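Working notes for the structure below.
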Amino acid sequence: MSEAVPAKEAAALDAADGLAAKRAGFDLDDGVVYLDGNSLGALPRGVAGRLSDVVGREWGRLRIRSWEESGWWTAPERVGDRIGGLIGAAPGQVVAGDSTSVNVFKAVVAAIRLTDTGVRDEVLVDAATFPTDGYIARSAARMTGCRIRAVDAADMAREAGPRTAVALVNHVDYRTGRLHDLPAVTAAVRAAGARTVWDLCHSAGALPVHLDAAGADFAVGCTYKYLNGGPGAPAFLYVRRALQDRFDSPLPGWNSHADPFAMDPAYAPADGAARGRVGTPEILSLLALDAALDVWDGVDLAAVRAKSLALTDFFLRCVEAYVPRGRVESVTPEAHGERGSQVSLRCAAGPAGGAGDVMAELIRRGVVGDFRRPDVLRFGFTPLYTRFADAERAARVLGEVLEGMQGR
Ligand SMILES: *Cc1c(COP(=O)(O)O)cnc(C)c1O
């Protein structure tokens, strides 16, 4: 297949792209096609300058005064509200801090504590979950006298029953890119009398999420993927407002105390989102995240979603055009309503090696995706900076690599 037709189409799509100008807000090199923003988002240009001010002036000159004067102390709630704006949460319900793993622990244990554990002793976990969620949920269940039951996320609504305390679900499956129906599952789990904890790692910043509207109970997610907060950026925790007064954190650190500086030996929880805090916030990474979130100012998430679907559709068509027939198979759902912002291609081992070797060769040729064992090539599409031309080039290079490896 000649490259002329898809390349021309890519140019037309890029020219008509209302989000195209957003790419200039990122520090990207045109020689590389970066399709791994679902693992580590690219660097927004504003971060370095902001961090240099935080380090040089706020820490260097103001030192301890910055906890008040530079707003460090309240940054977890302030940044949490900015994230809330991107996941359909009204202010006061999201706090930034800790890792997703730690926030899964807080949310699952708190959800169990909200139920009558004598009756409800079952924790449902998405059978294909990102491993950390499963490990943490299992430990939370052991600590609370519950048991874990792994069920297909697609069956979660049907499986929640009178024994279920909480269902922990990945909104988008990290391996296949399958998007689960958050409103429907939330409603069904609630109808069964249980709570939901949503892991938004692969949906926050990738597509519109409407936590409040869906009546979700808890949500967690990381900020170094589609939110571009940087390596190890703090995660977030959402607790629905109606549950905040009863939210009983299993990690009640001094930062979540109603009056932290009273240094009271007795614990009294703070009101609102601050109750989700634990210890001293990770200020440098939190403020890097704060700066990174500036790229979202004025962005319409519906436009992000439309471009994401157009990009993944276009990439799949280019793969069909360029890749030798039968060499790869998409495991990402075709239906838009079931697709996140990535394409995962199963690539069986050929004469030249397996999917890991194919991805290594792609990266050598300037197309960066990632490989998930045993046989998945994963390509993440980040609408704020991925161009249709990138999708075309990635598919073309993939075709060249697989052709070159055939019969070798
Ligand atoms: C990336 C990811 C995580 C990562 O958790 P950390 O604690 O940040 O390492 C957790 N859950 C899901 C679904 C993920 O995709």
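The backbone N, Cα and C atoms fix where each Cβ goes, and this holds for glycine too.
Curation plays no part in TrEMBL annotations; they are all automatic predictions.
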Pyridoxal 5'-phosphate binding in TrEMBL involves Thr100, Ser101, Phe130, Pro131, Thr132, Asp133, Asp199, His202, Tyr224, Thr280; of Trp59, Trp254, the partner in that site is Trp254
Which of Phe130, Tyr224 (the binding-site residues) has the most other Cβ atoms within 10 Å?
Tyr224
Can you tell me which of these binding-site residues sit near ligand 1, meaning the Cβ is under 6 Å from at least one of its atoms: Thr100, Thr132, Asp199, Tyr224?
Thr100, Thr132, Asp199
Out of Thr100, Thr132, Thr280, which has the highest number of nearby Cβ atoms, where nearby means within 10 Å of its Cβ, if these are the binding-site residues?
Thr100
So, three-state DSSP: helix, strand or coil for Thr100 (pyridoxal 5'-phosphate binding site)?
helix
